[in-house]
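Copying in the features that TrEMBL gives for the protein in this structure:
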- B:6-25: transmembrane segment (TRANSMEM)
- B:37-58: transmembrane segment (TRANSMEM)
- B:64-84: transmembrane segment (TRANSMEM)
- B:96-117: transmembrane segment (TRANSMEM)
- B:145-161: transmembrane segment (TRANSMEM)
- B:192-211: transmembrane segment (TRANSMEM)
- B:217-236: transmembrane segment (TRANSMEM)
- B:243-263: transmembrane segment (TRANSMEM)
- B:269-287: transmembrane segment (TRANSMEM)
């Protein structure tokens with residue numbers, strides 16, 4: 001196809017795209033493509049998205065063809081990679097990092113017949129763009145409750161990546177639910193200013209442990225903090241992004257630091273969306289699912305956690321799943337003491353997505 | 001004893017561990033540069049050491065063999081650099097950068113299938129009652145053997161460079177390759193040996209990251225440590241003792257800023273994260289200005305290729 | 001016994017033939033690697049070198065993209081090559097690139113949402129100045145305190161990266177972005193956008209600037225006294241001093257020019273292909289440009305070709321990942337091999353290989 005016919009089809013498609021919503025007829029075969037920000041061997045964020053790709057292959061067999069490109073930098077290269085994918089015949093393209101947001105929308109404008117799905121962003125400028133994210137804070141509530149019960153020093157350490165709303169949600173959810181079961185608890189936050197730097201993450205965990213923290217919660221992607229926790233008996237942590245089950249037990253057979261985990265499970269979403277394209281029901285959506293839809297999974301809670309705590313954590317998980325409980329339910333105040341949520345009020349999605357403040361009781365400032 | 005909620009004994013103990021990879025790699029690079037060769041491929045060699053060390057340790061179950069495997073893997077990689085720059089006389093800066101690119105790619109290919117595995121533990125040296133001395137015991141006597149080995153290497157490199165004939169020849173080659181050649185020394189051979197040593201040391205540093213610091217393998221695990229090692233060599237003005245100081249200073253500031261955060265100190269984090277680099281520059285300026293000017297003893301032939309025309 | 005004999009001047013024939021030879025050698029070695037990974041080596045090599053230029057589906061798009069990808073590499077490499085020729089080692093172009101983007105974007109965003117044709121030129125000036133200023137730090141420390149410029153320029157990369165993160169999360173954050181990191185999209189605001197100048201060519205102002213830089217550097221080195229001084233300082237520092245070359249002035253000029261060009265490259269990227277200041281805005285152009293400068297043998301025209309070749313392997317590598325499922329790491333290793341071979345065979349243009357008999361008579 002040369003450029004002129006390409007532009008012509010694009011113009012034609014644009015007209016169609018604006019006219020109706022989704023193409024009504026289904027497809028026999030779909031090519032699903034994925035853009036990853038890291039290598040599939042990162043053991044965390046990208047690894048989990050790649051598990052989603054494999055799940056799509058397993059689910060649809062011959063009816064789906066997949067392709068992916070790893071370690072695509074956010075920035076100047078993203079738009080080219082996306083365009084090449086579109087030209088290569090992909091029918092649906094998942095862009096799995098926040099930094100691809102504008103590139104996704106730019107390319108979507110040029111290829112109205114191709115569906116684009118952007119993870120963790122907020123821009124949907126064209127009818128062929130969907131956005132999706134997961135309510136990780138729901139998982140943080142459950143692990144926060146476990147952390148509150150398990151800490152003996154009443155100090156929880158949180159390794160933050162960057163001070164963005166998703167991480168602030170995680171810190172607040174962790175603190176609130178730890179506090180609920182343990183009024184004496186406090187939380188120390190260390191900002192690593194990286195998503196992935198195993199040595200620095202290990203140092204951050206070590207610094208927290210030296211400050212008397214005995215529960216490490218991480219919002220960075222490597223298993224290094226757990227490995228560091230394993231060096232000090234009595235310190236526990238949680239798997240992040242993937243299950244990190246290799247830290248359930250130590251090499252000598254004693255219980256390891258990982259007592260549970262928050263797993264990013266993208267498979268249900270990817271299967272649903274590719275399926276929708278196959279049967280002709282795909283339309284642009286803004287998806288923000290959590291435990292209920294199976295996108296945020298609480299990994300196995302190990303024997304190291306007392307049975308009653310485990311039961312309580314599972315009850316909290318189930319209450320969040322069936323909608324009877326929202327992790328941010330009033331009365332809640334902001335850090336400065338001003339009122340945020342009234343009795344029984346729950347946080348709106350808008351408030352959560354732009355969360356820039358700590359809740360009352362957390363000390364320290366959010367850098368910006 | 002506490003300063004702002006931070007126990008200095010604990011801080012020193014952890015900075016000693018944190019600094020081992022950059023210390024080892026910088027020490028190797030120092031020898032390479034003393035021989036007049038600038039190898040910017042430290043990051044690539046380190047990560048090759050990290051992956052080869054990890055694979056060897058997991059396969060054999062022995063951390064010791066793991067470290068040897070890491071040293072060997074990185075040395076083999078550095079052989080490419082040696083071949084290109086010493087035999088084929090390619091530009092050293094460009095070859096070094098290409099080495100990093102190649103090492104990052106190759107390590108990731110080799111490491112496929114080793115993600116999510118735990119390596120065998122590297123033991124702490126049992127120093128018995130010494131470890132229980134208040135303060136000092138924690139700082140000095142509770143480490144794994146690589147921490148001590150790295151300090152011993154500093155002393156060894158210093159002694160060899162300063163007191164032995166081998167060290168003298170190495171320095172002569174770095175100062176003036178032509179003069180050394182005229183005296184009958186095999187410049188190319190000596191430089192290749194130095195490059196291999198540098199590779200092996202970078203490999204040990206990398207293996208320390210994947211076997212002790214982080215204990216795991218993931219792509220890109222060294223995360224820029226090789227560049228820091230390069231900086232420390234210049235910072236140390238090519239002296240082994242100062243490499244130790246530089247590595248501990250850099251490791252110390254990194255650890256300190258995380259500790260300050262953990263202790264709840266009210267400090268602007270985003271500026272703290274750049275502090276190790278700014279302080280290193282500052283120290284460098286102080287050292288290179290004024291009376292320190294004479295002490296900037298860069299090897300005179302650094303980065304220049306040698307070709308025996310006769 | 002094989003001996004090398006230095007040629008009095010580089011061989012014209014081999015200067016042309018060596019890159020071709022290197023590419024062929026890379027194809028063989030890379031092909032073996034791809035075969036070991038279980039991929040069809042012929043298809044992989046064809047995808048990397050041929051498809052971006054001639055594939056019926058991609059070439060119309062990827063050919064102009066070669067310019068887009070090569071533009072900043074060439075622009076930065078030309079600046080660096082001047083310093084490298086004079087023996088002044090700026091390896092912190094990555095930091096200058098970041099600072100150019102930050103300063104240029106800040107100048108523009110301060111005026112948002114004004115509508116004026118003057119905003120983009122203003123941003124270009126601010127971007128160039130930002131990169132220049134960041135390059136002047138090692139220059140001044142070098143001339144004033146004799147501090148090693150390799151180290152300072154390299155360390156400043158990390159400082160610039162931290163600044164970038166804090167800007168993307170703080171001062172320059174898009175106020176309408178709901179707290180997410182990243183600035184407003186500059187390529188979508190007409191006053192600051194750096195779009196394709198002629199549709200379908202890939203030419204944006206950054207590419208134009210790269211071409212201008214190549215020509216200017218060529219003239220400078222061939223015709224201007226400064227170019228002569230640069231070459232002299234690199235080849236014979238002592239002679240240069242006798243010839244009245246002021247080394248401090250040269251350091252300031254070379255680091256300033258290379259910083260400014262890197263800053264401009266950053267500005268043109270942030271207003272064009274990248275679009276916004278984000279935490280990970282920089283993607284290694286400053287380091288890759290060092291390789292490009294040497295592959296081009298520090299010659300402006302050579303840099304032009306080397307930049308295009310690097311861009312080809314990037315884009316071809318992307319296609320190989322997409323179409324053949326090659327891991328990104330294999331592409332990285334492949335690029336490394338290409339560089340090794342290019343550097344290795346360079347020997348042939350500067351040296352003659354003599355095979356001497358056992359008696360050693362040559």
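Placed from the backbone N, Cα and C atoms, the Cβ positions cover glycine too.
Could you give the neighbours, burial and distances for every feature on this list?
Residues 42, 45-46, 135-136, 138-139, 142-144, 146-147, 150, 153-154, 201-202, 204-206, 208-209, 212-213, 222, 225-226, 228-229, 232, 243-244, 247-248, 250-252, 254-256, 259-260, 263 of the same chain sit 6 or more residues outside the transmembrane segment (B:6-25) yet have a Cβ under 8 Å from a Cβ within it.
Away from its own ends, the transmembrane segment (B:37-58) comes close to residues 21, 25, 28-29, 65-74, 76-78, 81, 85-86, 92-93, 95-104, 106-108, 110-111, 114, 117, 119-120, 174, 191, 194-195, 198-199, 202-207, 209-211, 216-217, 220-222, 224-227, 229-230, 302-303 of its chain (Cβ-Cβ under 8 Å, at least six residues beyond either end).
The list of residues near the transmembrane segment (B:243-263) in space but at least 6 beyond its ends in sequence, with Cβ under 8 angstroms from a Cβ of it, reads 4-6, 11-12, 14-16, 18-19, 22-23, 26-27, 30, 151, 154, 228, 232-233, 235-236, 269, 272-273, 275-276, 279-280, 283.
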If we skip the immediate neighbours and take only residues 6+ beyond the ends of the transmembrane segment (B:217-236), which ones have a Cβ under 8 Å from one of its Cβ atoms?
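Distal contacts: 21-23, 25-26, 29-30, 33, 40-47, 50-51, 54-55, 100, 104, 107-108, 111, 114-115, 117, 119, 202, 205-206, 209-210, 242-243, 245-247, 250, 280, 283-284, 287, 298.
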For the transmembrane segment (B:192-211), find every same-chain residue at least 6 residues outside the stretch whose CB is under 8 Å from a CB in it, and list them.
20-25, 27-29, 31-32, 34-35, 37, 39, 42, 45-54, 57, 63, 66-67, 69-79, 81-82, 85-86, 119, 122, 146, 153, 170, 217, 221-222, 225-226, 229
